[in-house]
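J.: Handing you a structure now.
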């Protein structure tokens, strides 16, 4: 069989290590020139395929591709753009196949979360139906850590390491100041539906009394009275209290706590601000001075503090995706399989896209402590290996030295297509 | 002369490297047992002296003292507690001398900012007057970088490195997402009166178009129209726009912008939130989707990303303070003197406390670009060396391994004293 080109796209919110996957994938593809011609990347994700805006990664040097391993963000651009059902968006799926055909693309690698796996699965179906078979392989990526059939999702381990480090460091700060000044510190972290990132903050407190003292999960309805009682208990016992709160914290009726606070003045519903709401609640009811931080994009872009485990898994999954495709494994996602907890051992596996698309993996109930305010030992056992190891980027002039690729476009061959 | 004990206190907001100063100071004192007996530290800063709550640092091992070099926060606790004039608080100054006398303390090292240098100076005066001479040496510390007579202030270089790294990383993230999602990213940083930290963010943009695109300084009155025009220009030119804003951003009348926004609902004036105010302004007027982050304590506690230059200067100033004291230099502060910009060369100097107390060093006007939205080359030349070099802490279980000292109290000899 003559070599076919490959198409790779990054999807959804980017991470500190999604480029490590791109790095592994492109490097591995370059090792098989007899089977894979060029790797084209979608500029701004799947939109690049729809608009035939392809990037020719063969024009990047091996050195620059290697530097993707230590560069955060999405090197080719990403997008939040979900293709709907085949019925609703049939023209778009057909356009994808048309673009693939025009550029002799025989492999489709989609690097994303749930929605992307759903899209990859649908593309594999329609390609078959249209008589232009394309091997479709999903590559997991999401800080939300909510994909099934894989031990974890690349991107999550690095966010986990960042938030746990950050709340530990802020805890040292607050502990110093608590006698006469700030007694409360609240860190708001990502996680709309699942508390994985909030749980990761808990890794910083190895012993009783160490920050963070309280975790507020989206899975546990917020009970102000119980929360305030626990805060007060911590301040009386330790002199201060640190809290990690998920952006998705909700009350018993399912209403976001973020929407009950400072946001009303503007009348908008964008998340971000629940940290201040709970901090201000403490101030109002208990009178303690607070500080709060909103990590936002800093947490998922912090390549300078990425987990080596995460970087390695992200890279290995990129490599694996190519090998799965070369084995003709269609409509699967490369996965991480845990073999042992401590020391952590893992291997690459794969799972059918059909079983992954639109299935969300929730936090396990047994990972949350009985009082709802912390993590259990079982949770630590699961999370601990994911944050281990450091692989700092090179520094130049005191700052991480990241790469911006040339990202040269492949000449278009088709008519324009409106998305 | 028989050896006298020394008293060391940390003051005001702590930093990622104030313990590096403590480390240098205690290590150097231990090298002169003939002249310095024990180093006592104030528990929670100067309050520890007033309440005779002294920590015996001689009970800590050399290894643990060495670990202070890589531990953020204040190892002995700090406080926001300013002694007023000698007339108003005479009893407190007398109490200090009484405690010093009771514990045979002949050296007073005060590690802080402007207020602390003022206190150290006053103590030197009253000690003389009360016939119990104490050698008083100030050691600079403040992320605000606003002490005169020193090239920079320990703590600042590490915050500078953290914020510049953070906005660079977030910039890579936003650039990836901008086509279909977030186009605006705002990072709020510390700096109530001086824009040093905001300026440091500017180091991340070496070339035109690189994040951060806009800096909002407290020194430049906020002009919403001009700001929005510049934001729109950036989005049209680069596809996105990143902004670093100082918590102290004010309008032409001197009113804090933070107080014009989300804070009103609660009616409190604590800073923090200006980032959201300007981001929301962009959304309301230009319609661009935004994300914003509030670094808060994370920026000044981030020892994992501290500047090696900063760590070394902090340590050297602790060492120097002891040597100044042993030379009998009373009422001085140890300083950093810049000898050359590139490569950066510096040496330790000293300056009279009387010339430092309550003098604030502002950002130089020539450090802000003509349009008020960025830094000049002169500013880069000044700031660049302060963020250079890395000296990461040791990691254990994937997280920085910081030390908590035993902090054993010295037995009290005096009656209690109400503060």
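Every residue number used here counts from 1 along the chain in the order it is shown.
Cβ coordinates are placed from backbone N, Cα and C, and glycine is handled just like the others.
From TrEMBL, here are the annotated features:
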- A:9-324: domain 'Phosphofructokinase' (DOMAIN)
- A:13: diphosphate binding site (BINDING)
- A:114: Mg(2+) binding site (BINDING)
- A:115: site 'Important for catalytic activity and substrate specificity' (SITE)
- A:141: site 'Important for catalytic activity' (SITE)
- A:142, A:143, A:144, A:190, A:191, A:192, A:247, A:297, A:298, A:299, A:300: substrate binding site (BINDING)
- A:144: active site, proton acceptor (ACT_SITE)
J.: Look at the binding-site residues A:13, A:191 and tell me which residue has the greatest number of other C-beta atoms within 10 angstroms of its C-beta.
T.: A:191
J.: Which of these recorded positions, A:115, A:142, A:247, A:300, are close to chain B by Cβ (under 8 Å)?
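T.: The answer, in sequence order, is A:300.
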J.: On the 0 to 100 scale, where does the mean pLDDT of the domain 'Phosphofructokinase' (A:9-324) fall?
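T.: When the pLDDT values over the domain 'Phosphofructokinase' (A:9-324) are averaged, the result is 94.
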J.: By a simple count of other Cβ atoms within 10 Å, which of A:115, A:247, the recorded positions in the record, is least packed?
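T.: Comparing Cβ neighbours within 10 Å for the recorded positions A:115, A:247, A:115 has the fewest.
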J.: With residue A:298 (substrate binding site) as the reference Cα, tell me which of the recorded positions A:13, A:114, A:115 is the closest one.
T.: A:13
J.: Taking only the Cα atoms, work out how far residue A:300 (substrate binding site) lies from residue A:115 (site 'Important for catalytic activity and substrate specificity'), in Å, as a whole number.
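T.: If we compare the Cα positions of residue A:300 (substrate binding site) and residue A:115 (site 'Important for catalytic activity and substrate specificity'), the gap is 19 Å.
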J.: Round to a whole number and give the Cα-to-Cα distance in Å for the pair residue A:141 (site 'Important for catalytic activity') and the residue listed as 'Mg(2+) binding site'.
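T.: Approximately 9 Å lies between the Cα of residue A:141 (site 'Important for catalytic activity') and that of the residue listed as 'Mg(2+) binding site'.
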J.: Give me the Cα-Cα distance between residue A:247 (substrate binding site) and residue A:13 (diphosphate binding site), rounded to a whole Å.
T.: 16
J.: Out of the recorded positions listed (A:114, A:115, A:191), which are within 10 Å of residue A:13 (diphosphate binding site), Cα to Cα?
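T.: Passing the 10 Å Cα cut: none.
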J.: Including all protein chains shown, what's the count of other C-beta atoms within 10 A of the C-beta of residue A:142 (substrate binding site)?
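T.: So the number of other Cβ atoms within 10 Å of residue A:142 (substrate binding site) is 25.
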J.: According to DSSP, folded down to helix, strand and coil, what is residue A:141 (site 'Important for catalytic activity')?
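T.: Where residue A:141 (site 'Important for catalytic activity') sits, the three-state DSSP reduction gives coil.
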J.: Sorry to bug you, but what's the C-alpha spacing from residue A:115 (site 'Important for catalytic activity and substrate specificity') to residue A:142 (substrate binding site), rounded to the closest Å?
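T.: Cα to Cα, residue A:142 (substrate binding site) and residue A:115 (site 'Important for catalytic activity and substrate specificity') are separated by 11 Å.
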J.: Which residues, sitting 6 or more apart from residue A:144 (substrate binding site) on the same chain, put a CB under 8 Å from its CB?
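T.: In sequence order, A:113, A:153, A:156, A:190, A:191, A:192, A:193, A:194, A:196, A:197 meet the Cβ cut-off.
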J.: Determine, from DSSP, whether the residue listed as 'Mg(2+) binding site' sits in helix, strand or coil.
T.: helix
J.: Hey, what's the widest CA-to-CA gap across A:142, A:143, A:144, A:190, A:191, A:192, A:247, A:297, A:298, A:299, A:300, the substrate contacts in the record, in Å?
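T.: That value is 17 Å for the farthest Cα pair.
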